[in-house]
Amino acid sequence: MNETVVVTGGGTGGHLKVADAFIEEFHNRGIDVIFIGSSNGQDKAWFENDRRLKKTIFLDTRGVVNKNSLGKVTSLLNIFSKTIQCLAVYSKYNVKTVISVGGFSAAAATFASILKFGCKLYIHEQNSKMGKLNEITSKFATEVFSSFDENSLVKDYPVAKEFFETARVRDKIKTIAFFGGSQGAICINDFALKVAPRLNEMGIKIIHQAGKNDFNRVAEEYKKLNINADVFDFSKDIPSKMSSADFAVSRAGASTLWELCANSLPTFFIPYKHAAGDHQYYNAKALYDKGLCFLKREDELDVDEFFKIIGSDIHKISIGLISSINSNAISLIINIILENNKK
Ligand SMILES: CC(=O)N[C@H]1[C@@H](OP(=O)(O)OP(=O)(O)OC[C@H]2O[C@@H](n3ccc(=O)[nH]c3=O)[C@H](O)[C@@H]2O)O[C@H](CO)[C@@H](O)[C@@H]1O
(Lines of atoms letter the chains of each structure in order from A and count residues from 1; the text may use other names and numbers.)
(Lines give C-alpha, C1' and ligand atoms only; values in the text may rest on other atoms or scores of the structure.)
Protein backbone atom coordinates (compact mmCIF):
# COMPACT_ATOMS: atom_id res chain seq x y z
CA MET A 1 0.00 0.00 0.00
CA ASN A 2 1.31 3.47 -0.91
CA GLU A 3 2.08 5.92 1.82
CA THR A 4 -0.25 8.84 2.34
CA VAL A 5 0.97 12.11 3.78
CA VAL A 6 -1.11 14.20 6.21
CA VAL A 7 -1.06 18.00 6.12
CA THR A 8 -2.69 19.54 9.18
CA GLY A 9 -3.36 22.99 10.60
CA GLY A 10 -5.20 26.16 9.77
CA GLY A 11 -7.72 28.39 11.45
CA THR A 12 -6.76 31.48 9.49
CA GLY A 13 -5.48 32.22 5.99
CA GLY A 14 -1.84 32.56 7.04
CA HIS A 15 -1.61 28.90 8.15
CA LEU A 16 -3.87 27.68 5.36
CA LYS A 17 -1.81 29.34 2.64
CA VAL A 18 1.22 27.34 3.76
CA ALA A 19 -0.88 24.17 3.98
CA ASP A 20 -1.95 24.89 0.40
CA ALA A 21 1.68 25.16 -0.75
CA PHE A 22 2.45 21.71 0.75
CA ILE A 23 -0.69 20.16 -0.76
CA GLU A 24 0.10 21.58 -4.20
CA GLU A 25 3.72 20.32 -4.21
CA PHE A 26 2.86 16.82 -2.92
CA HIS A 27 0.03 16.60 -5.43
CA ASN A 28 2.35 17.62 -8.29
CA ARG A 29 4.76 14.88 -7.20
CA GLY A 30 1.96 12.30 -7.30
CA ILE A 31 1.91 11.78 -3.52
CA ASP A 32 -1.50 11.28 -1.85
CA VAL A 33 -2.44 13.89 0.76
CA ILE A 34 -5.07 13.90 3.50
CA PHE A 35 -5.86 17.30 4.99
CA ILE A 36 -6.91 17.36 8.66
CA GLY A 37 -8.25 20.67 9.92
CA SER A 38 -11.04 22.04 12.05
CA SER A 39 -14.73 22.56 11.31
CA ASN A 40 -14.31 25.91 13.11
CA GLY A 41 -12.36 28.69 11.40
CA GLN A 42 -11.62 29.00 7.68
CA ASP A 43 -10.32 25.46 6.93
CA LYS A 44 -13.49 24.18 5.23
CA ALA A 45 -13.74 27.23 3.00
CA TRP A 46 -10.19 26.60 1.76
CA PHE A 47 -10.11 22.82 1.28
CA GLU A 48 -13.57 21.23 1.31
CA ASN A 49 -14.07 19.49 -2.07
CA ASP A 50 -10.45 20.16 -3.07
CA ARG A 51 -9.73 17.67 -5.84
CA ARG A 52 -6.01 17.53 -5.09
CA LEU A 53 -6.79 15.82 -1.77
CA LYS A 54 -7.39 12.12 -1.23
CA LYS A 55 -9.49 12.95 1.83
CA THR A 56 -10.40 15.94 3.99
CA ILE A 57 -11.25 15.65 7.68
CA PHE A 58 -12.65 18.63 9.59
CA LEU A 59 -12.67 17.92 13.33
CA ASP A 60 -14.78 19.88 15.78
CA THR A 61 -11.81 21.35 17.65
CA ARG A 62 -11.29 24.78 19.16
CA GLY A 63 -8.38 26.74 20.63
CA VAL A 64 -7.23 26.10 24.21
CA VAL A 65 -5.34 29.35 24.84
CA ASN A 66 -7.43 32.32 26.13
CA LYS A 67 -10.04 30.05 27.82
CA ASN A 68 -10.97 29.75 31.52
CA SER A 69 -9.97 26.58 33.42
CA LEU A 70 -13.17 24.67 32.64
CA GLY A 71 -13.01 25.68 28.97
CA LYS A 72 -9.39 24.55 28.83
CA VAL A 73 -10.22 21.12 30.31
CA THR A 74 -13.16 20.63 27.91
CA SER A 75 -11.01 21.62 24.91
CA LEU A 76 -8.19 19.30 26.01
CA LEU A 77 -10.58 16.34 26.47
CA ASN A 78 -11.99 17.05 23.04
CA ILE A 79 -8.49 17.16 21.50
CA PHE A 80 -7.73 13.84 23.20
CA SER A 81 -10.75 12.12 21.65
CA LYS A 82 -9.94 13.61 18.22
CA THR A 83 -6.35 12.39 18.60
CA ILE A 84 -7.68 8.82 18.89
CA GLN A 85 -9.73 9.46 15.74
CA CYS A 86 -6.60 10.62 13.89
CA LEU A 87 -4.66 7.53 15.03
CA ALA A 88 -7.33 5.35 13.40
CA VAL A 89 -6.99 7.34 10.16
CA TYR A 90 -3.18 6.95 10.23
CA SER A 91 -3.51 3.17 10.55
CA LYS A 92 -6.11 2.91 7.83
CA TYR A 93 -4.14 4.99 5.30
CA ASN A 94 -0.64 3.95 6.35
CA VAL A 95 0.34 7.51 7.33
CA LYS A 96 4.01 7.86 8.27
CA THR A 97 4.49 11.56 7.59
CA VAL A 98 2.56 14.42 9.16
CA ILE A 99 3.24 18.06 8.33
CA SER A 100 1.82 20.62 10.74
CA VAL A 101 1.47 24.26 9.77
CA GLY A 102 0.25 25.13 13.27
CA GLY A 103 -2.86 26.75 14.66
CA PHE A 104 -5.43 25.01 16.89
CA SER A 105 -6.67 22.99 13.89
CA ALA A 106 -3.40 21.07 13.98
CA ALA A 107 -3.50 19.86 17.59
CA ALA A 108 -5.14 16.41 17.34
CA ALA A 109 -3.37 15.31 14.16
CA THR A 110 -0.04 16.50 15.55
CA PHE A 111 -0.42 14.66 18.86
CA ALA A 112 -1.45 11.52 16.96
CA SER A 113 1.76 11.73 14.89
CA ILE A 114 3.78 11.81 18.12
CA LEU A 115 1.92 8.82 19.56
CA LYS A 116 2.08 6.66 16.45
CA PHE A 117 5.17 4.50 16.28
CA GLY A 118 7.21 5.10 13.13
CA CYS A 119 5.39 8.31 12.18
CA LYS A 120 7.47 11.43 11.54
CA LEU A 121 6.29 14.92 12.40
CA TYR A 122 7.47 18.00 10.47
CA ILE A 123 6.49 21.51 11.47
CA HIS A 124 6.36 24.73 9.50
CA GLU A 125 6.32 27.70 11.87
CA GLN A 126 5.31 30.85 9.98
CA ASN A 127 6.02 33.50 12.57
CA SER A 128 8.96 35.16 14.28
CA LYS A 129 7.60 33.94 17.64
CA MET A 130 6.61 30.29 17.87
CA GLY A 131 2.91 29.47 18.37
CA LYS A 132 1.89 27.64 21.57
CA LEU A 133 1.15 24.29 19.91
CA ASN A 134 4.41 24.31 17.95
CA GLU A 135 6.31 25.23 21.09
CA ILE A 136 5.04 22.04 22.78
CA THR A 137 5.21 19.67 19.82
CA SER A 138 8.42 20.88 18.13
CA LYS A 139 10.46 18.85 20.65
CA PHE A 140 9.07 15.73 18.97
CA ALA A 141 9.48 16.94 15.40
CA THR A 142 11.97 15.43 12.99
CA GLU A 143 12.48 18.92 11.54
CA VAL A 144 11.10 22.40 12.14
CA PHE A 145 11.16 24.88 9.25
CA SER A 146 10.92 28.62 9.84
CA SER A 147 11.93 31.72 7.89
CA PHE A 148 12.80 33.54 11.10
CA ASP A 149 15.04 30.84 12.57
CA GLU A 150 18.73 30.85 11.74
CA ASN A 151 18.89 27.08 12.31
CA SER A 152 16.12 26.20 9.87
CA LEU A 153 17.34 24.02 6.99
CA VAL A 154 15.21 26.12 4.63
CA LYS A 155 14.85 29.79 5.49
CA ASP A 156 12.76 30.93 2.54
CA TYR A 157 9.01 31.02 3.09
CA PRO A 158 6.74 28.88 0.90
CA VAL A 159 5.11 31.51 -1.30
CA ALA A 160 2.95 30.67 -4.35
CA LYS A 161 4.81 31.10 -7.65
CA GLU A 162 2.32 33.71 -8.95
CA PHE A 163 3.74 36.30 -6.54
CA PHE A 164 7.21 35.84 -8.05
CA GLU A 165 5.91 35.68 -11.63
CA THR A 166 4.13 39.01 -11.30
CA ALA A 167 6.96 40.74 -9.40
CA ARG A 168 8.34 44.00 -10.76
CA VAL A 169 10.57 46.78 -9.52
CA ARG A 170 8.53 49.77 -8.33
CA ASP A 171 9.55 53.34 -8.91
CA LYS A 172 6.70 55.80 -8.92
CA ILE A 173 3.53 55.30 -6.88
CA LYS A 174 0.49 55.30 -9.14
CA THR A 175 -1.52 52.76 -7.13
CA ILE A 176 -1.59 51.90 -3.41
CA ALA A 177 -3.05 48.66 -2.04
CA PHE A 178 -4.38 48.17 1.49
CA PHE A 179 -4.33 44.60 2.88
CA GLY A 180 -5.89 43.62 6.21
CA GLY A 181 -4.83 39.94 6.33
CA SER A 182 -7.20 37.05 5.71
CA GLN A 183 -9.94 38.54 7.90
CA GLY A 184 -9.47 42.22 7.12
CA ALA A 185 -8.47 44.86 9.66
CA ILE A 186 -10.68 47.71 10.86
CA CYS A 187 -7.62 49.73 11.82
CA ILE A 188 -6.23 49.56 8.28
CA ASN A 189 -9.69 50.25 6.83
CA ASP A 190 -10.01 53.39 8.93
CA PHE A 191 -6.51 54.56 8.09
CA ALA A 192 -7.12 54.01 4.37
CA LEU A 193 -10.33 56.04 4.51
CA LYS A 194 -8.45 58.83 6.30
CA VAL A 195 -5.70 59.10 3.68
CA ALA A 196 -7.90 58.30 0.66
CA PRO A 197 -9.02 61.89 -0.17
CA ARG A 198 -5.42 63.14 -0.33
CA LEU A 199 -4.31 60.09 -2.35
CA ASN A 200 -7.21 60.74 -4.71
CA GLU A 201 -6.15 64.39 -5.14
CA MET A 202 -2.63 63.16 -5.97
CA GLY A 203 -4.09 60.93 -8.71
CA ILE A 204 -3.09 57.73 -6.83
CA LYS A 205 -5.48 54.82 -7.37
CA ILE A 206 -6.62 52.67 -4.43
CA ILE A 207 -6.97 48.90 -4.13
CA HIS A 208 -8.47 47.88 -0.79
CA GLN A 209 -9.09 44.44 0.77
CA ALA A 210 -11.52 45.31 3.55
CA GLY A 211 -12.42 41.87 4.95
CA LYS A 212 -15.86 40.27 5.08
CA ASN A 213 -17.18 41.93 8.23
CA ASP A 214 -16.31 45.53 7.39
CA PHE A 215 -16.72 45.44 3.61
CA ASN A 216 -20.14 47.15 3.34
CA ARG A 217 -19.13 50.05 5.56
CA VAL A 218 -15.85 50.63 3.73
CA ALA A 219 -17.45 50.46 0.28
CA GLU A 220 -20.14 52.91 1.42
CA GLU A 221 -17.51 55.35 2.80
CA TYR A 222 -15.62 55.39 -0.52
CA LYS A 223 -18.93 56.14 -2.25
CA LYS A 224 -19.56 59.06 0.12
CA LEU A 225 -16.05 60.34 -0.61
CA ASN A 226 -16.79 59.97 -4.32
CA ILE A 227 -13.62 57.87 -4.77
CA ASN A 228 -13.63 55.07 -7.28
CA ALA A 229 -11.55 52.51 -5.35
CA ASP A 230 -11.20 48.79 -6.08
CA VAL A 231 -12.71 47.61 -2.77
CA PHE A 232 -13.35 43.92 -2.07
CA ASP A 233 -13.93 41.69 0.96
CA PHE A 234 -11.72 38.72 0.04
CA SER A 235 -10.13 37.86 -3.29
CA LYS A 236 -8.77 34.57 -4.58
CA ASP A 237 -6.48 36.62 -6.81
CA ILE A 238 -4.22 38.54 -4.43
CA PRO A 239 -1.20 38.14 -6.78
CA SER A 240 -2.83 40.33 -9.43
CA LYS A 241 -3.97 42.86 -6.81
CA MET A 242 -0.40 43.07 -5.49
CA SER A 243 1.18 43.30 -8.90
CA SER A 244 -1.11 46.21 -9.85
CA ALA A 245 0.10 48.16 -6.83
CA ASP A 246 3.29 50.20 -6.46
CA PHE A 247 3.07 50.45 -2.68
CA ALA A 248 1.16 48.57 0.02
CA VAL A 249 -0.14 49.23 3.50
CA SER A 250 -0.58 45.92 5.29
CA ARG A 251 -0.91 43.85 8.43
CA ALA A 252 2.23 41.78 9.05
CA GLY A 253 0.83 38.25 8.97
CA ALA A 254 3.67 36.01 7.82
CA SER A 255 2.18 34.75 4.56
CA THR A 256 1.16 38.20 3.39
CA LEU A 257 4.53 39.65 4.42
CA TRP A 258 6.55 37.15 2.36
CA GLU A 259 4.17 37.43 -0.60
CA LEU A 260 4.80 41.18 -0.61
CA CYS A 261 8.54 40.47 -0.55
CA ALA A 262 8.24 37.94 -3.38
CA ASN A 263 6.37 40.55 -5.39
CA SER A 264 9.04 43.23 -4.62
CA LEU A 265 6.28 45.49 -3.40
CA PRO A 266 7.47 48.13 -0.90
CA THR A 267 5.21 48.09 2.15
CA PHE A 268 4.22 50.11 5.18
CA PHE A 269 3.38 47.52 7.87
CA ILE A 270 0.86 48.12 10.65
CA PRO A 271 1.05 44.91 12.75
CA TYR A 272 -1.96 43.47 14.58
CA LYS A 273 -1.19 44.41 18.19
CA HIS A 274 -2.99 41.46 19.82
CA ALA A 275 -1.17 38.76 17.85
CA ALA A 276 0.29 36.13 20.23
CA GLY A 277 3.65 37.31 21.59
CA ASP A 278 3.34 40.42 19.37
CA HIS A 279 4.61 38.20 16.54
CA GLN A 280 3.29 40.41 13.71
CA TYR A 281 5.44 43.28 14.94
CA TYR A 282 8.52 41.05 15.08
CA ASN A 283 7.73 39.55 11.65
CA ALA A 284 7.91 43.04 10.15
CA LYS A 285 10.78 44.13 12.41
CA ALA A 286 13.04 41.48 10.87
CA LEU A 287 12.48 43.12 7.48
CA TYR A 288 12.60 46.65 8.87
CA ASP A 289 16.04 46.00 10.40
CA LYS A 290 17.31 45.24 6.89
CA GLY A 291 15.88 48.53 5.61
CA LEU A 292 13.32 46.68 3.49
CA CYS A 293 10.02 48.08 4.75
CA PHE A 294 8.31 50.80 6.76
CA LEU A 295 6.81 49.91 10.12
CA LYS A 296 4.52 51.67 12.59
CA ARG A 297 2.47 50.40 15.50
CA GLU A 298 -1.24 51.14 15.07
CA ASP A 299 -1.30 53.51 18.07
CA GLU A 300 1.46 55.61 16.51
CA LEU A 301 -0.06 56.15 13.07
CA ASP A 302 0.38 59.63 11.70
CA VAL A 303 -1.08 60.83 8.41
CA ASP A 304 1.62 63.41 7.61
CA GLU A 305 4.36 60.90 8.32
CA PHE A 306 2.63 58.44 5.99
CA PHE A 307 2.70 60.96 3.14
CA LYS A 308 6.38 61.60 3.80
CA ILE A 309 6.98 57.84 3.55
CA ILE A 310 5.24 57.50 0.21
CA GLY A 311 7.33 60.39 -1.07
CA SER A 312 10.58 58.58 -0.17
CA ASP A 313 12.84 56.26 -2.19
CA ILE A 314 10.68 53.16 -2.73
CA HIS A 315 12.81 52.11 -5.71
CA LYS A 316 15.73 51.15 -3.46
CA ILE A 317 13.47 49.03 -1.25
CA SER A 318 11.83 47.34 -4.21
CA ILE A 319 15.26 46.37 -5.59
CA GLY A 320 16.34 45.17 -2.13
CA LEU A 321 13.29 42.92 -1.87
CA ILE A 322 14.31 40.91 -4.95
CA SER A 323 16.96 39.05 -2.99
CA SER A 324 14.91 38.83 0.24
CA ILE A 325 13.30 35.53 -0.75
CA ASN A 326 13.84 32.64 -3.19
CA SER A 327 11.00 30.87 -4.93
CA ASN A 328 11.98 27.24 -4.34
CA ALA A 329 11.27 26.86 -0.60
CA ILE A 330 8.47 24.34 -0.75
CA SER A 331 10.35 22.14 -3.18
CA LEU A 332 13.46 22.15 -0.92
CA ILE A 333 11.40 21.41 2.20
CA ILE A 334 9.65 18.47 0.56
CA ASN A 335 12.96 17.13 -0.78
CA ILE A 336 14.28 17.11 2.80
CA ILE A 337 11.14 15.38 4.10
CA LEU A 338 11.25 12.68 1.43
CA GLU A 339 15.00 12.12 1.89
CA ASN A 340 14.50 11.80 5.66
CA ASN A 341 11.76 9.26 5.19
CA LYS A 342 14.10 6.98 3.24
CA LYS A 343 16.33 6.70 6.32
C1 LIG B 1 -4.71 37.96 13.61
C2 LIG B 1 -3.67 36.90 13.53
O3 LIG B 1 -3.28 36.32 14.54
N4 LIG B 1 -3.22 36.67 12.32
C5 LIG B 1 -2.25 35.62 12.04
C6 LIG B 1 -2.74 34.87 10.83
O7 LIG B 1 -2.90 35.91 9.89
P8 LIG B 1 -3.68 35.86 8.54
O9 LIG B 1 -4.59 34.70 8.50
O10 LIG B 1 -4.22 37.20 8.25
O11 LIG B 1 -2.46 35.49 7.67
P12 LIG B 1 -1.45 36.10 6.67
O13 LIG B 1 -1.51 37.54 6.57
O14 LIG B 1 -0.15 35.46 7.02
O15 LIG B 1 -1.95 35.41 5.33
C16 LIG B 1 -3.20 35.66 4.75
C17 LIG B 1 -3.26 34.84 3.50
O18 LIG B 1 -4.55 34.98 2.93
C19 LIG B 1 -4.41 35.43 1.59
N20 LIG B 1 -5.54 36.31 1.27
C21 LIG B 1 -5.79 37.40 2.02
C22 LIG B 1 -6.81 38.25 1.67
C23 LIG B 1 -7.58 37.96 0.52
O24 LIG B 1 -8.51 38.68 0.14
N25 LIG B 1 -7.28 36.85 -0.19
C26 LIG B 1 -6.27 36.00 0.16
O27 LIG B 1 -6.04 35.00 -0.52
C28 LIG B 1 -3.10 36.17 1.52
O29 LIG B 1 -2.64 36.22 0.19
C30 LIG B 1 -2.25 35.33 2.46
O31 LIG B 1 -1.71 34.24 1.79
O32 LIG B 1 -1.79 33.87 10.45
C33 LIG B 1 -0.47 34.34 10.16
C34 LIG B 1 0.41 33.15 9.85
O35 LIG B 1 0.53 32.30 10.95
C36 LIG B 1 0.09 35.16 11.33
O37 LIG B 1 1.33 35.70 10.95
C38 LIG B 1 -0.91 36.24 11.68
O39 LIG B 1 -0.43 37.01 12.74
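Each residue, glycine too, has its Cβ placed from N, Cα and C.
Whatever TrEMBL says is automated annotation, not expert-curated.
Within ASN66, ASN68, ASN127, ASN335, the residue that TrEMBL lists together with THR12, GLY13, GLY14, SER182, GLN280 for binding UDP-N-acetyl-alpha-D-glucosamine is ASN127. A simple way to gauge crowding: the CB of GLY13 (UDP-N-acetyl-alpha-D-glucosamine binding site) has 21 other CB atoms within 10 angstroms, across all the protein chains here.
Among the binding-site residues THR12, ASN127, SER182, GLN280, the residue whose Cβ has the fewest other Cβ atoms within 10 Å is THR12. Apart from THR12, GLY13, GLY14, ASN127, SER182, GLN280, the UDP-N-acetyl-alpha-D-glucosamine site neighbourhood in this chain, defined by C-beta within 8 angstroms of the site C-beta centre, holds HIS15, GLN126, GLY181, ARG251, GLY253, ALA254, SER255, THR256. Following the DSSP three-state reduction, the secondary structure of THR12 (UDP-N-acetyl-alpha-D-glucosamine binding site) is coil.
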